[in-house]
Amino acid sequence: MNPAALIPPADSIPVHWAWLEGFLLLTFGFHLLFMNSVVGSAVIATVRAVTRPQDPAPTLLGKALPSLLALTINFGVAPLLFAQVLYGGFLYTSSVIMAVYWLGLIFVLIAAYYLLYGFSGSRRKKKNGTVFIAAACALLLFTGFVLVNNVTLMLSPDRWVGYFEKQDGSMLNLGDPTLWPRILHFLLACLAVGGLTLALLARRAAHKGTISADVSASLTHDGLRWFFWSTAAQMLAGPFFLFSLPRQLTTAFMGRHGLGTALLLAGTVCGLAALHFAWRSRLRLTIAFTAGAVALMVGVRSVLRTLYLAPWFSAADIPSEGQYSPLILFFGSLLLTGALMVWVLRLALNGRRQHGNATANGTEGEG
């Protein structure tokens, strides 16, 4: 069967495709940072809770993890919508083929959310909470596994014919040679950003006075080492992923495609700079270059998707209706929602700070 017959025709879009692609890249970059942070932090918290039960790192991470997961999900809505508008024929089809796992993610994430709250509460009560964080970590890693499967299946219409042999919605793309390199790439990125999250939370806790400067310095050092070694491993895993791609795509990022090659090289340079500053314990510069590397790699991902789908589809060929008012309305709503989220987060942080001060004052009064 010709796989092209399985690809739904693209509907017209209200504005030029480049606007939607730009917003897709912008919003996905934020989602990616939060996603890496929550998964990496969960893994680090699990490891530290098992190996060092009295360590303050799991407690610090446990307080932040429920909010990080909520932000990850919220910041994932916009890029998902833009992807559906531009690449809906591919994303919807791959999601239907593996519908059991895709729809199951709703329940998996709800369970992970409750488990993270359980872990946070356990640490506040001076309990270890290892079962909570280990279970949540497993669910988050399973979520990543399903997402990577869907991404690879979306880009491979020639594999969709497998649906006719497995029509119960439980097909996975396990035969794709890029699947496991992608998963390794994803895990290492999560560990790196999780390390930065630990370092940042430790600095912030010291500034608030909830942990001592010595403890903060130790946790910051540990977080930066998590980042350093994960990113160093990424420098090996990256070429492994690159050479697992079909040959014509590999060569595209080795000079044949100018933009893709430039983005990959620039992202690698940012990664190396982040490594350098992490080793020197320069947290702010490490974060800055990491953010730059993530932004550039989001561009690499876009080029790779375009090259993958080139035999079947081009977003530039989608007819545009020239109706810009929905885009303006969306952009205004996005700015308003972002401002509200910043305001709510500030209220939450101020509330926690006041609660901490009140608790400290009460303790002093009893003394």
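Cβ coordinates are placed from backbone N, Cα and C, and glycine is handled just like the others.
For 23-47 (among others), the entry in TrEMBL reads transmembrane segment. For the transmembrane segment (23-47), the residues of the chain that approach it from at least six positions outside its boundaries are 57-58, 61-62, 64-65, 68-69, 71-72, 75-76, 78-79, 82-83, 86, 116, 119, 130, 133-134, 136-137, 140-141, 144, 187, 189-198, 226, 230, 291, 294-295, 298-299, 302, judged by C-beta separation under 8 angstroms.
Cβ atoms under 8 Å from those of the transmembrane segment (68-90) belong to residues 7-11, 13, 17, 20-21, 23-24, 27-28, 30-31, 34-35, 37-38, 41, 109, 112-113, 116, 140, 154-155, 157, 197, 305, 309, 312-313, 315, 318, 334, 341 of the same chain, restricted to positions at least 6 beyond its ends. For 68-90 (among others), the entry in TrEMBL reads transmembrane segment.
Look at TrEMBL and you will find 96-117 (among others) tagged as transmembrane segment. Long-range contacts of the transmembrane segment (96-117) within the same chain, counting only residues at least 6 positions beyond its ends with a Cβ under 8 Å from a Cβ of the stretch, are 42, 62, 65-66, 69-70, 73, 132-133, 135-136, 139-140, 142-143, 146-147, 149-150, 153, 160, 162-163, 168-173.
Residues or ranges marked as transmembrane segment by TrEMBL: 129-148 (among others).
Taken from TrEMBL, the feature transmembrane segment applies to 183-202 (among others). Taking Cβ pairs closer than 8 Å, the transmembrane segment (183-202) reaches residues 33, 35-37, 39-44, 57, 60-61, 64, 68, 141, 144-145, 148, 211, 215-217, 219-220, 222-228, 230-231, 233-234, 237-238, 240-241, 283, 286-287, 290 in its own chain, all 6 or more past its ends.
Distant neighbours of the transmembrane segment (223-245): 40, 44, 177-178, 181-182, 184-185, 188-189, 191-200, 202, 253, 268, 271-272, 274-275, 278-279, 281, 283, 286, 290, 304; these residues of the same chain sit at least 6 beyond its ends, with a Cβ under 8 Å from one of its Cβ atoms. The annotation transmembrane segment is assigned in TrEMBL to 223-245 (among others).
What TrEMBL lists as transmembrane segment is 257-278 (among others).
Annotation source TrEMBL lists transmembrane segment at 285-304 (among others).
Annotated transmembrane segment per TrEMBL: 324-345 (among others), in sequence order. Beyond the ends of the transmembrane segment (324-345), by six or more residues, the same chain brings 14-15, 19, 74, 78 to within a C-beta distance below 8 angstroms of the stretch.
Within its own chain, the transmembrane segment (129-148) has Cβ neighbours under 8 Å at 38-39, 42-43, 45-46, 49-50, 53, 58, 62, 65, 69, 98, 101-102, 104-105, 108-109, 111-112, 115-116, 118-123, 179, 182-183, 186-187, 190, counting only residues six or more beyond its boundaries.
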